């Protein structure tokens with residue numbers, strides 16, 4: 001489970017603020033805030049400037065994976081000498097939140113999606129890799145250091161920090177050429193620099209967006225935690241969805257304190273976007289809120 005990821009990371013004392021109290025908006029407050037977010041989505045479609053999305057661990061709690069800084073989060077409980085409970089990464093399945101995000105992407109409301117999660121569920125649910133930035137990596141991914149071919153594994157790659165895994169590339173699928181370059185893991189350690197390619201893709205995404213939506217993240221760790229500040233400097237407003245107060249609560253336009261999947265599924269319902277839930281969900285489907 002998540003303890004495997006914990007065990008792979010090096011010791012690092014500054015994990016941001018942990019264990020903040022949860023805030024629960026009333027249904028009236030949620031509906032009012034949801035209307036504001038709905039209007040941003042409508043405008044995004046009308047103007048052709050899709051919503052820019054940042055995903056945090058709160059999106060995967062519906063998949064039975066713990067978050068990090070919540071009341072039962074990995075770092076919160078670690079500070080108490082305990083371990084967070086959850087399913088093994090290898091059996092975790094995309095939940096309602098992942099499938100709602102995919103539906104909004106398919107419908108053209110959102111395009112670039114940054115995920116801070118290393119569980120691979122955003123890729124697994126079907127978000128196209130060209131629009132997905134796995135900014136902290138993916139525990140199931142190996143990358144060739146020579147031709148940059150990617151290999152998605154069934155098992156966790158048991159290292160972090162972009163280290164060689166001992167395997168070799170099987171060849172560049174795009175060109176058909178043999179390679180045999182060394183493979184490395186694709187997950188950052190605490191002190192690993194974020195890929196320059198990722199940072200360049202983020203810079204380009206700002207030019208194409210009308211609004212920033214931060215989902216299930218406390219925004220404690222930079223540089224991704226500073227995205228609302230970047231948005232403000234560009235005249236772009238931000239909405240956050242998180243039970244706890246985020247690091248930038250006072251500068252965002254709307255801070256929604258409610259269940260992530262309830263907001264996303266209700267938003268899809270209000271926009272008339274069909275969510276393909278399949279028949280293998282790890283969590284219950286919420287009753288969507290009516291905003292009209």
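Note: Cβ is positioned from N, Cα and C throughout, glycine not excepted.
Because the structure is a prediction, the values reported are computed rather than measured.
Feature annotation from Swiss-Prot assigns domain 'Deacetylase sirtuin-type' to 31-292.
If you look up Swiss-Prot, you'll see 56-75, 116-119, 216-218, 242-244, 260 marked as NAD(+) binding site, on the strength of similarity to another entry. Of all Cβ atoms in the protein chains displayed, 14 besides its own lie within 10 Å of the Cβ of residue 72 (NAD(+) binding site).
Residues or ranges marked as active site, proton acceptor in Swiss-Prot (evidence: sequence analysis): 136. Under the DSSP three-state reduction, residue 136 (active site, proton acceptor) is assigned to coil, being neither helix nor strand. Taking Cβ-Cβ distances under 8 Å and a sequence separation of 6 or more, the neighbours of residue 136 (active site, proton acceptor) in its chain are 115, 116, 117, 118, 187, 188, 194.
Residues or ranges marked as Zn(2+) binding site by Swiss-Prot on the basis of sequence analysis: 144, 147, 163, 169. In the three-state DSSP scheme, residue 147 (Zn(2+) binding site) falls into the coil class.
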- Task: Rounded to the nearest Å, what's the C-alpha distance separating residue 60 (NAD(+) binding site) and residue 163 (Zn(2+) binding site)? Just drop the number here, would you?
- Result: 26
- Task: Can you figure out which of 144, 147, 163 (the binding-site residues) comes closest in space to residue 64 (NAD(+) binding site), comparing Cα atoms?
- Result: 163
- Task: Round to the nearest Å and give the CA-to-CA distance linking residue 169 (Zn(2+) binding site) with residue 72 (NAD(+) binding site).
- Result: 40
- If you skip the near sequence neighbours and keep only those at least six away, which residues in the chain come within under 8 angstroms of residue 243 (NAD(+) binding site), Cβ to Cβ? 22, 23, 24, 58, 70, 257, 258, 259
- Message: What whole-number Å value do you get for the CA-CA distance of residue 56 (NAD(+) binding site) and residue 147 (Zn(2+) binding site)?
- Response: 30
- From binding-site residues 68, 72, 216, the one whose Cα lies nearest residue 163 (Zn(2+) binding site): 68
